[in-house]
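Read through the structure below, which is laid out as structure tokens, and then see the notes.
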Amino acid sequence: MCPICIEPQNRTADSEFLLLGLSDDPEVQPLLFGLFLSMYLVTMLGNLLMILAVVSDSHLHTPMYFFLSNLSLADISFSTTTVPKMLLNLQTQGKSITYAGCLTQATCYSLFGCLDSLLLAVMAYDRLVAICQPLHYLVIMSPRLCGLLVLLSFSISLLDSQLHYFLVSQLSFCEDVEIPHFFCEPSQLFKLACSDTFTNDILIYFIGAIFGGVPLSWILFSYYRIVSSILRVPSAGGKYKAFSTCGSHLSVVCLFYGTGLGVYLSSAVSSSLKKDAVTSVMYTVVTPMLNPFIYSLRNRDIKSALWRMIRRLV
């Protein structure tokens, strides 16, 4: 039985949850603060440099780099949804988050996580056209279509986040709810709710299958077409050149979906909520930090644009 439950609509601005974080050890928390602050700053700097390089260099005003700059913006927003609150709690030795703040975190987490997934699917389509229909690439991937694809991705992500908001807002919670995580992840809130969540669980898995499975299926289909096209190239040098144009994107896709599926599977098979929080670090913190490095280290155009921008600043 739930001791004292409060319906969400009756909650006041003073209602609070407790984020237990990654560790309760006072000696470990300063180390965690330094580590995650460094990772967050690297994430912000790397993705901002990526955006500035694309905006400032006319050579990068192409569909691929337009989508890449939007992915960097989504990564900044995704990381900012969770890390600053965790850093604040570590610094102040506090654990509280308001009900409204928790609901906002859960909604923004769904919004930018879905946006990342959809942008990767759009970028897969861009690589598909570039390799399979190179002569018609600039005609097909017009500025108008690129803008519409980004706008459509954001609109679908907004719909996904509002569905998550609706489902979470229907839950009722007991007083002094302790969340064994460093942010308000929707799946954790479902586990801690006092009310019956059977219908909500079914809906959340259905929504995840639609908004996560469809982009992944499109990416797999796109790379099936891409690989089939590359294998028909007669020369080994031509095959390498064709595949190198999508190597960075494929690496980011593997990192994003690999860590995301790892979090999901560990949550499904493990009964330890604390372990779920640790594995979520890879998905919410490490992946947004590594994305700009993957693209810049493997891309001469990005490196050249960054050097030109740095020389102008100096």
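Cβ coordinates come from backbone N, Cα and C, glycine included.
All TrEMBL annotations are machine predictions without curation.
Under 8 Å from some Cβ of the transmembrane segment (31-52) lie the Cβ atoms of residues 21-23, 68-69, 72-73, 75-76, 79, 83-84, 86-87, 90-91, 285-286, 288-289, 291-293, 295-296, 302, 306, 309, all in the same chain and six or more residues away from its ends. Per TrEMBL, transmembrane segment is recorded for 31-52 (among others).
Per TrEMBL, domain 'G-protein coupled receptors family 1 profile' is recorded for 46-295.
Cβ atoms under 8 Å from those of the transmembrane segment (64-83) belong to residues 36, 39-40, 43-44, 47-48, 50-51, 54-55, 105, 108-109, 112-113, 115-116, 119-120, 122-123, 126-127, 130, 146, 149-150, 182-183, 252, 284-285, 287-289, 291-292, 295, 301-302 of the same chain, restricted to positions at least 6 beyond its ends. According to TrEMBL, the transmembrane segment annotation covers 64-83 (among others).
As annotated by TrEMBL, transmembrane segment applies to 103-125 (among others).
What TrEMBL records for 137-159 (among others) is transmembrane segment.
Summarising the annotation, TrEMBL assigns transmembrane segment to 202-221 (among others).
Residues or ranges marked as transmembrane segment in TrEMBL: 242-265 (among others).
According to TrEMBL, the feature transmembrane segment maps to 277-297 (among others). Taking Cβ pairs closer than 8 Å, the transmembrane segment (277-297) reaches residues 21-22, 36, 39-40, 42-43, 46-47, 49-50, 68, 71-72, 75-76, 78-79, 81-83, 109, 180-183, 185, 248, 251-252, 255-256, 259-260, 262-263, 266-267, 303, 306 in its own chain, all 6 or more past its ends.
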(request) Sort out the residues at least 6 away from either end of the transmembrane segment (242-265), same chain, that have Cβ-Cβ distances under 8 Å to it, and list them. (result) 71, 113, 116-117, 120, 123-124, 127, 130-131, 212, 216, 219, 223, 226, 229-230, 233, 276, 279-280, 282-283, 286-287, 290-291, 294-295, 298-299
